[in-house]
Structure formats: C-alpha cells, structure tokens
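Annotation source Swiss-Prot lists topological domain 'Vesicular' at 1-18, citing sequence analysis. Feature annotation from Swiss-Prot assigns transmembrane segment to 19-39; the stated evidence is sequence analysis. The feature topological domain 'Cytoplasmic' is assigned by Swiss-Prot to 40-421, with sequence analysis given as support. Taken from Swiss-Prot, the feature phosphoserine covers Ser97, Ser99, Ser214. Residues or ranges marked as domain 'C2 1' in Swiss-Prot: 152-272. Annotated domain 'C2 2' per Swiss-Prot: 283-416, in sequence order.
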Amino acid sequence: MAVDVTEYHLSVIKSPPGWEVGVYAAGALALLGIAAVSLWKLWTSGSFPSPSPFPNYDYRYLQQKYGEAYVEAKLKRVPPWNAQRTTTRGPPSRKGSLSIEDTFESISELGPLELMGRELDLAPYGTLRKSQSADSLNSISSVSNTFGQDFTLGQVEVSMDYDGASHTLHVAVLQGKDLLEREEATFESCFMRVSLLPDEQIVGISRIQRNAYSIFFDEKFSVPLDPTALEEKSLRFSVFGIDEDERNVSTGVVELKLSVLDLPLQPFSGWLYLQDQNKAADAVGEILLSLSYLPTAERLTVVVVKAKNLIWTNDKTTADPFVKVYLLQDGRKMSKKKTAVKRDDPNPVFNEAMIFSVPAIVLQDLSLRVTVAESSSDGRGDNVGHVIIGPGASGMGTTHWNQMLATLRRPVSMWHPVRRN
C-alpha cells in the first residue's frame, strides 16, 4: 500500500519521536543558560572591562585620572596625531614619507634631523637582541622619583642647500620664536650668529632685531665649502641678547652636523631648538637610539644601538657600561628595562630592543629617560648621564619624539648628547 509522503511528513511534525523532543529541549536550555551567564557577567562587571592587557595601564586608572567612565575613555582612544589638526603650518617637509595624513600639529616644527625617518640599518652591528631584563615598576599607585626636565630656549627656522658646481653652502635664517625667555635677565633686542665648526669660521651675523621674541630674520648667507668638508663640518646657530648695558649675552645655541643632511642631494628646511650653552658643556658622551610606535598593537619599541665617547665618573680610566631605559608618566616611573653590560668599552655597541605596551591615549603624558650607567661589583651602578625624550623634553628629545609620531610604524634613529646627572 503506497504511503503519501506529504501526509508522512505532517505526521512526523505533529507527533515527533520522543528522543527528538529531548534534543530540542536540551538545546533550548543550553542557549538560555549561556544567555543567563553572559547577562550575569555584564551585570556584575558594571562599567569596567576585564583586566587591561597593558601591564602598566589599567583603564580604572584612566577613569580616576580623567574623571570619565570607561566607555568614554575608550571612545577617546584615538592617536594624538589624529586628534587635532593645526590651522597654520610651516613649510612642508621635503621628505616624502611625511604626508599630511601621518602627521600631527607639530610636524612643521621638527628639529634638525627631520630627514632621519628612514629605516635604521642595523646590519653593521649584528643581530638585534631583546633587552636583558624587564624589571616591573607597574604599580599604578606607587610613588617614585620624579625626574627633572630639560628646558628649551626658543626655536629658529633655517634652511640650507649646497651648490655642487660652485662648492658653496647657502644658509638662510628665516624666523625665530620664544627667543630670550630667560628668568635671570631681560633683553629688548637680539641678533643671530652663524659659524662653521670646528674652526668657528663666521658664516654671517644677522641684523639686530628689536622685537626679540617672535621675529622674522629673513637673512641669507653663503660660504665656500669643499664637498669633502660636508662630512666633517657642523653649523652653529647662536642667539645673543643685548642687555641695557649694550652687552652681548649668549641666550641659546644649537649645532647641526652637515653629514646627516645629504645636502648634495636635497635642500634642508626645519626648526632647531636652542639650548643653554652651559648645558651643552655637560655632555659626557653620545648615544644612538631608535624609536618606533605601532598604533595597531599600541607598542612602543626603543632600540639602544650604541654609545660613543663616554666619560666615566670620578675620573675613572675604565668602566663597564650598560643602559637603563625608564618609561615615565607625569614624571613617575612606570616601567624599566636595561641592556647587558659591556666590559671596559667607552664606545659600546648594544643593539638591544626594548618593547613597552603603551595605549595611544596616554602618549602625550609619557616620556623616556635613558640613563647610561657603570656596572659595579656591589650591583649598584653609578650613573654617567642621561637623555630625556618625549613631548615634555626639549631639543633633540622633543624632535625625536615628534619624528616618531610623524612616521608611524617606521624606526627613527637619532644621536643624543648624554647629559651629566
């Protein structure tokens, strides 16, 4: 006897087997259980998320500091270089990698090495190594030392190019701002002197400017210079204030190595940060650092490449150097890493990478303190000197930080003078 297929399907739907009913009921109960557990977790967690993946930054701390709920803080987690756009910009950078989309409001004020955003070639120094230690200082509530900051004495905008046919270096002093801001003296006018080092040959002296704080120099100078001298010479830009007794007082100086500019290939234009000449005399060596920030992973990478011409403490003739890198927030130590010790070497090559987890929302509150120290048998190293890098620093420290933010995902290398502690 033939059975109608349609009637058979209807009979199965109207009167399903008992085991199918059990399967459906178990599935429904499982879904209800999962939904109930999820709702319970959301209710008990309130407005706070699960523990932050960043070891040094908990969003509870962000709420406490900024007085915002986590949701509001999360919505504000946009990189500072995209948060604001300046309405007035200086001369555009000549480096192709510095596009408008990648920069922030200070891009027109990058310092003397704004051309250094190229890839860091570490091949001569061997394989890149991870830092030896990562001593944790991530207790948010802990109070630790507050380190001092360097101070800038204004900025000057300059441009220069080299005429290979006539072997002539052309230098233009365009403008200055925030000049002569010194607490110990008052000046009504100033002028600038450009000299060629190490011979201290005078390239040019500007006219005296009466409005000494934000002024337009618009001065152009030229000096004969052999192409081979570009690898050896430096330019010094010095600002002098004129006091009420008509005395010329040095108020700020900056030196620029011509070897880093590639002037035979392209002109240079940028802002230079002036510093106290007395501070420049406190240098006890130089250190080459590379910085990069990966916004997608919110990761800050510091590479301690090498140091040179280190001067040991207490007139020592030999020492074993190493480098400590502190991540600071509002002057407080949040994390610390250090390199391996190099035995008896005033020109050590470290080539060690240090990685910090840094949310973009706190980038503007951060700075780096890089300390060169001497290892000792008792485990307490004497500090040789330090470098401050960040938005609150000055000179090369600010320049390097700004350049890192302007060329995201790419390492930016720069030499820094090591200041005596």
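The backbone N, Cα and C atoms fix where each Cβ goes, glycine too.
Per-residue pLDDT, averaged over the topological domain 'Cytoplasmic' (40-421), rounds to 72. Remark: Ser214 (phosphoserine) has Gln175, Gly176, Lys177, Asp178, Leu179 as non-local neighbours, by Cβ distance under 8 Å and separation of at least 6 in sequence. Reduced to three states, the DSSP call for Ser214 (phosphoserine) is strand.
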